[in-house]
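Per Swiss-Prot, these features apply:
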- 1-21: transmembrane segment (TRANSMEM)
- 50-70: transmembrane segment (TRANSMEM)
- 76-96: transmembrane segment (TRANSMEM)
- 112-132: transmembrane segment (TRANSMEM)
- 140-160: transmembrane segment (TRANSMEM)
- 176-196: transmembrane segment (TRANSMEM)
- 200-220: transmembrane segment (TRANSMEM)
- 225-245: transmembrane segment (TRANSMEM)
- 250-270: transmembrane segment (TRANSMEM)
- 300-320: transmembrane segment (TRANSMEM)
Amino acid sequence: MIFVYALLALVITFVLVPVLIPTLKRMKFGQSIREEGPQSHMKKTGTPTMGGLTFLLSIVITSLVAIIFVEQANPIILLLFVTIGFGLIGFIDDYIIVVKKNNQGLTSKQKFLAQIGIAIIFFVLSNVFHLVNFSTSIHIPFTNVAIPLSFAYVIFIVFLQVGFSNAVNLTDGLDGLATGLSIIGFTMYAIMSFVLGETAIGIFCIIMLFALLGFLPYNINPAKVFMGDTGSLALGGIFATISIMLNQELSLIFIGLVFVIETLSVMLQVASFKLTGKRIFKMSPIHHHFELIGWSEWKVVTVFWAVGLISGLIGLWIGVH
C-alpha cells in the first residue's frame, strides 16, 4: 500500500499544478518581488504563487485514504491537522499579499499568534486527549540521557513549530530551493520513522515526499509557480511536528540545517545593523548574499541542496542511534 500512497500523492500534485497555474494567472494571483532584491529576480514578477495548494490538497486526499487502511492512524490525523492549520495561515497571508499587490500580508503579530495557536492545539490533542503519546523530555543522541521539561515542553513545542515554520518560509526565495530541501528532509524522516517502528509517521513522510516530487518540476528554475506561504509555512510546521512525534527533536538541527542557517543569517543581519549600523551580508537570507557575489541562482540552489543532503544524512544517523 505504501507504493499506492506514494503514486497517488505524486500523480495528484503533478496533474493539479498545470490545472491551477492558468487559474492563478487568470485571477492575477502573481508574486510581487522585493525591489531591493537581486535585479535578476524582477523578471519573476507576476509568476503565479499559492502553488502550495496543489501539494497540500494532494497530501490531504492521500492521507485520508491512508487513514482508512493504516492501523493506529492517529499520528497521520495529527500531522494532517498541523498541515491544514499552518497551510491555512499561509493561504490567508498569500491571499492578502496578492490582493493588495505588495509583499506584506498578515502582520507578524497576527501570524505568530495563529501559529502559536496551532502549536498549542497540537499539544492538547496529543498529550491531553492522547491522540498520540510522546515523551516530554529531550533525548540526547548516543546516550541514555533525557532532559525532562514537563510543562515547559509546551513552550519548546511552540518554539520549534513556529520557528521552523518561519525558517522554511525564509528559505523559499529561490526557484526549487525549499522544495528540494524538503524532499531531502522528508526522505530522511521517512527512513528514520520506519527504522524506529513508527510506520504511520513513515507513511505520512512518504506522502509528503512524493507530493513534493510532483511539484518540483514546475518549481525549479525557471519556476512556473511558487509554493507561497501556503506551502512553506505548512512544510516547516510539519518538519517540526515529525521530529517531536519521533522524540528526535535534535535531529531537526541537521536534517533542517540549511533552514536553520538561513534563519540565523537574517537574525545576525538584523542584530548587526541595529548594533553597529553595518550589515554582515550583502543581503539576507544568505541565499541572496551568494547571488549578489556572482553565483547563479541554480548554483546556489544545487550547493544548498548538497549541503542539505550531507547534513540530512548526519541527522538520520543521529536519529537511528
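For all residues, glycine too, the Cβ spot is worked out from N, Cα and C.
Residues of the same chain lying 6 or more positions beyond the ends of the transmembrane segment (176-196) and with a Cβ under 8 Å from any Cβ of it are 168, 202, 205-206, 208-209, 212-213, 215-216, 219-221, 223, 227, 231-232, 235, 239, 242-243, 246, 248, 251, 255-256, 258-259, 287, 300-301, 304-305, 308-309, 312-313, 315-316, 319-320. At the 8 Å Cβ cutoff, the transmembrane segment (140-160) and the transmembrane segment (200-220) share fewer than 3 close pairs (sequence separation 6 or more) and do not count as touching.
For the transmembrane segment (1-21), the most Cβ-contacting stretch among 112-132, 225-245, 300-320 is 225-245 (pairs under 8 Å). Among the recorded stretches 50-70, 112-132, 225-245, 300-320, the one sharing the largest number of Cβ pairs closer than 8 Å with the transmembrane segment (76-96) is 225-245. Taking Cβ pairs closer than 8 Å, the transmembrane segment (250-270) reaches residues 138-141, 160, 163-164, 166-168, 170-171, 181, 185, 188-189, 192, 236, 239-240, 243, 279-281, 284-287, 289, 304, 307-308, 311-312, 314-316, 318-319 in its own chain, all 6 or more past its ends.
Sequence-distant contacts of the transmembrane segment (200-220), counting only residues of its own chain at least 6 positions beyond either end whose CB sits under 8 Å from a CB of the stretch, comprise 2, 5-7, 9-14, 17-18, 21, 51, 54-55, 58-59, 62-63, 66, 70, 72-76, 79-80, 175-176, 179-180, 182-183, 186-187, 189-191, 193-194, 226-227, 238, 242, 245-246, 301.
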